[in-house]
Amino acid sequence: MEQTYQYAWIIPFLPLPVPMLIGLGLLLFPTATKSLRRMWAFQSVLLLSIVMIFSLNLSIQQINSSSVYQYVWSWIINNDFSLEFGYLIDPLTSIMSILITTVGIMVLIYSDNYMSHDHGYLRFFAYMSFFSTSMLGLVTSSNLIQIYIFWELVGMCSYLLIGFWFTRPVAAKACQKAFVTNRVGDFGLLLGILGFYWITGSFEFRDLFQIFNNLISNNEVNSVFVTLCAVLLFAGAIAKSAQFPLHVWLPDAMEGPTPISALIHAATMVAAGIFLVARLMPLFIVIPHIMNFISFIGIITVFFGATLALAQKDIKRGLAYSTMSQLGYMMLALGMGSYRSALFHLITHAYSKALLFLGSGSVIHSMETLVGYCPKKSQNMVLMGGLKKHVPITKNSFLLGTLSLCGIPPLACFWSKDEILNDSWLYSPIFAIIAWSTAGFTAFYMCRIYLLTFEGHLNVHFQNYSGKRNTPLYLISLWGKEGSKISNKNLNFCLVTLLKMNKNGRPSFFSNKVYKMDENGRNLIQPFLSIPNFSNTKTSLYPYESDNTMLFPILILILFTLFVGFLGIPFNQDVDILSKWLTPSINLLHQSSNNSIDWYEFCKDAVFSVSIACFGIYIAFFLYKPVYSSFQNLDLINSVVKMGPKRIFSDKIKNAIYDWSYNRGYIDAFYGTFFTAGVRKLAEFTHFFDRRIIDGIPNGVGFMSFFVAEVIKSVGGGRISSYLFFYFSYVSIFLLIYYFLNL
């Protein structure tokens with residue numbers, strides 16, 4: 001066992017040769033490297049698979065022996081300071097390593113087909129492999145300096161992948177937004193690291209925790225300064241894990257390729273913030289104020305992310321806000337001190353969310369045959385619907401991921417989310433009410449995404465549903481706005497007018513007109529990007545199922561979604577593998593070793609949580625299930641529903657909720673108005689002050705010197721009369737001064 005731990009340092013470096021060799025090959029032998037691009041993809045998967053096997057071996061040994069291993073190399077600079085580098089293998093490291101490698105392998109296999117049409121295929125795999133290396137280095141770090149180095153590398157890789165299609169202005173802006181937002185958190189993280197080094201004199205986790213606990217117990221530190229340093233450390237996690245108020249970069253990050261969205265949301269960048277807080281829990285646990293602050297930020301993010309997901313038309317952005325809300329649950333659990341449930345939910349959510357993102361990528365991939373390589377169209381749920389007939393495997397996998405995230409047993413997220421919800425009652429009834437109500441919101445918006453995507457009819461064609469009359473009652477979204485229209489002399493079809501807008505621009509359920517799309521209109525829909533040699537060979541008016549290379553990872557993730565939750569079933573300690581796995585960490589956090597519960601208590605809590613989820617699903621089905629397609633005469637329904645005061649009031653509430661959700665809670669607008677515009681005005685004022693004041697003073701002195709010199713030069717023109725005039729003038733002035741001084 002000791003020998004296995006000694007070679008654990010190789011874990012972060014195994015995937016590293018792939019990006020290095022790809023870069024070297026593209027520099028020296030570009031043609032040969034591009035012709036062998038599938039070989040590089042295979043090597044990426046192979047090396048990451050070796051890391052996964054290594055991580056599994058370490059995890060099995062830790063489950064059996066509950067051991068922690070650390071090895072460091074000391075770089076002595078002088079007698080007062082030493083910088084150490086090494087690696088730490090503990091339950092948290094092994095959990096994160098398995099999570100990164102398993103999800104990473106699935107994403108790499110999936111990407112081979114998904115990115116096959118793209119000229120940046122090799123660049124994508126180089127970034128992905130380096131991303132895995134950076135994240136593995138982060139989770140195996142033994143001190144705060146290494147954490148910060150790999151933290152920045154993880155951020156760099158995410159920026160490169162978010163802006164992968166950098167020729168698209170939207171993707172470039174999304175990359176810049178992610179960079180600037182994370183700069184705020186990373187600067188706070190750096191200040192926090194330096195602050196705790198100033199307090200304890202060490203970067204190593206073990207020494208840091210031990211020294212700090214001794215200082216706290218002896219009351220030898222300033223509590224205000226310690227809390228400030230802890231908040232600065234936590235600021236890094238807020239930005240990385242998209243917690244309020246530094247969450248604004250996450251939905252825009254969907255401009256990157258879908259596979260990287262799956263990796264970022266499941267096992268890498270957003271998980272890094274949760275990992276950092278979990279790693280520093282022994283530090284935070286002795287600072288009560290910071291624990292309360294962590295839980296407060298978590299509960300705000302839980303509710304905020306869920307409400308912002310209600311009105312999204314983009315399938316990936318809806319899933320992004322879902323990730324934000326679920327990360328809030330994890331942060332809430334960590335703030336409550338529920339270490340086990342937070343990591344449990346991190347595991348279950350990772351596989352469920354990876355399944356959902358890869359499923360959405362399969363949907364987008366199939367929609368591109370109809371609307372082309374245009375994210376605004378291929379990711380728009382308003383144009384989808386009825387896909388269950390065309391992509392049945394993707395539909396079933398997406399449904400399983402949806403039900404898991406909704407908290408339906410026995411799927412993975414049910415077990416972990418239920419633990420967090422139950423623990424919230426013990427911590428704060430107010431937090432518990434918000435957390436439980438948000439569980440209903442989660443079920444609602446996830447079911448909404450599923451229904452808009454797979455149920456009903458294929459709305460990109462938008463034919464009448466009954467076959468006899470145009471039926472405008474089946475309107476896609478209570479929350480959706482009218483999109484852009486296609487204008488053409490021969491095209492009398494509005495591509496996304498699925499909700500008829502009234503005079504004030506609000507969505508209306510009842511309209512008098514429905515526009516149909518003829519064959520000429522369908523033929524006009526072409527890809528906005530035509531890539532030679534990589535164009536789709538299949539052309540169809542309907543979507544089709546993805547290739548086996550994309551379906552295989554989805555099927556594997558289905559197995560994880562079905563069975564990974566059983567790792568932490570709390571009925572019996574003998575089968576509770578997760579508790580055995582986390583035994584050292586649980587003891588460190590002063591948690592009880594008895595994690596088993598009785599059947600009655602579990603069933604009582606489970607029935608309540610499942611009932612809330614079912615209520616959210618029911619509301620979603622009531623609003624979005626295409627039950628109206630069977631009605632042939634809509635005048636009957638229009639005559640029943642009348643515009644009364646109650647209807648007007650309910651419409652105002654719906655519109656207010658829609659505006660809040662669709663406009664991202666106005667946080668982006670607030671930042672744009674006060675921060676972005678404020679910084680620009682400050683820059684303009686600084687520019688004015690620099691040019692007119694700072695530069696104006698020396699320029700003015702120079703100008704005055706030039707003017708005086710010109711005057712003196714004109715005086716010394718060589719005329720004797722001028723010299724005599726100035727001579728007598730100066731003598732007269734001096735005599736007058738002398739006279740007045742002697743009065």
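We count from 1, first residue shown onward.
Every residue, even glycine, has its Cβ placed from backbone N, Cα and C.
Since the structure is predicted, the reported quantities are computational estimates derived from the model, not experimental observations.
As recorded in Swiss-Prot:
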| type | residues | note |
| --- | --- | --- |
| TRANSMEM | 9-29 | transmembrane segment |
| TRANSMEM | 89-109 | transmembrane segment |
| TRANSMEM | 147-167 | transmembrane segment |
| TRANSMEM | 185-205 | transmembrane segment |
| TRANSMEM | 224-244 | transmembrane segment |
| TRANSMEM | 258-278 | transmembrane segment |
| TRANSMEM | 327-347 | transmembrane segment |
| TRANSMEM | 354-374 | transmembrane segment |
| TRANSMEM | 396-416 | transmembrane segment |
| TRANSMEM | 551-571 | transmembrane segment |
| TRANSMEM | 607-627 | transmembrane segment |
| TRANSMEM | 723-743 | transmembrane segment |
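Note: the stretches the transmembrane segment (89-109) and the transmembrane segment (396-416) are not in contact (fewer than 3 CB pairs below 8 A, sequence gap of 6 or more). At the 8 Å Cβ threshold, with sequence separation of at least 6, the transmembrane segment (396-416) lacks contact with the transmembrane segment (147-167), having fewer than 3 such pairs.
Proximity of the transmembrane segment (224-244) to the transmembrane segment (327-347) is established through 3 or more Cβ-Cβ distances under 8 Å for residue pairs spaced 6 or more apart.
When Cβ-Cβ distances below 8 Å are used as the criterion, the transmembrane segment (185-205) is approached by residues 72, 83-84, 88, 142-145, 147-148, 151-152, 155, 211-212, 215, 221, 225-226, 228-240, 246, 279, 283 of the same chain, each at least six residues removed from its ends. Spatially, the transmembrane segment (551-571) is adjacent to the transmembrane segment (327-347); three or more Cβ-Cβ distances between them are under 8 Å for residues at least 6 apart in sequence.
Sequence-distant contacts of the transmembrane segment (147-167), counting only residues of its own chain at least 6 positions beyond either end whose CB sits under 8 Å from a CB of the stretch, comprise 12, 120, 123-124, 127-128, 130-131, 133-135, 137-138, 141, 174-176, 178-179, 182, 186, 189-190, 193, 236, 240, 252-253, 255-257, 260, 264, 268-269, 272, 276, 279. Within the chain carrying the transmembrane segment (354-374), a Cβ under 8 angstroms from the stretch's Cβ atoms is held by residues 103, 106-107, 110, 114, 258-259, 261-263, 265-267, 315-316, 319, 322, 383-384, 387, 390-391, 394, 397-398, 400-402, 404-405, 453, 460, 525-529, 531, 536, 538-546, 550-551, 553-554, 557-558, 560-561, all 6 or more beyond its ends.
Beyond its flanks by at least six residues, the transmembrane segment (327-347) meets 92, 95, 99, 237, 241-244, 270-271, 273-274, 277-278, 281, 285, 291-305, 412-413, 415-417, 419-420, 423-424, 426-427, 431, 435, 564, 567-568, 578-579, 582, 585-586, 589, 591, 595 of its own chain at Cβ-Cβ distances under 8 Å.
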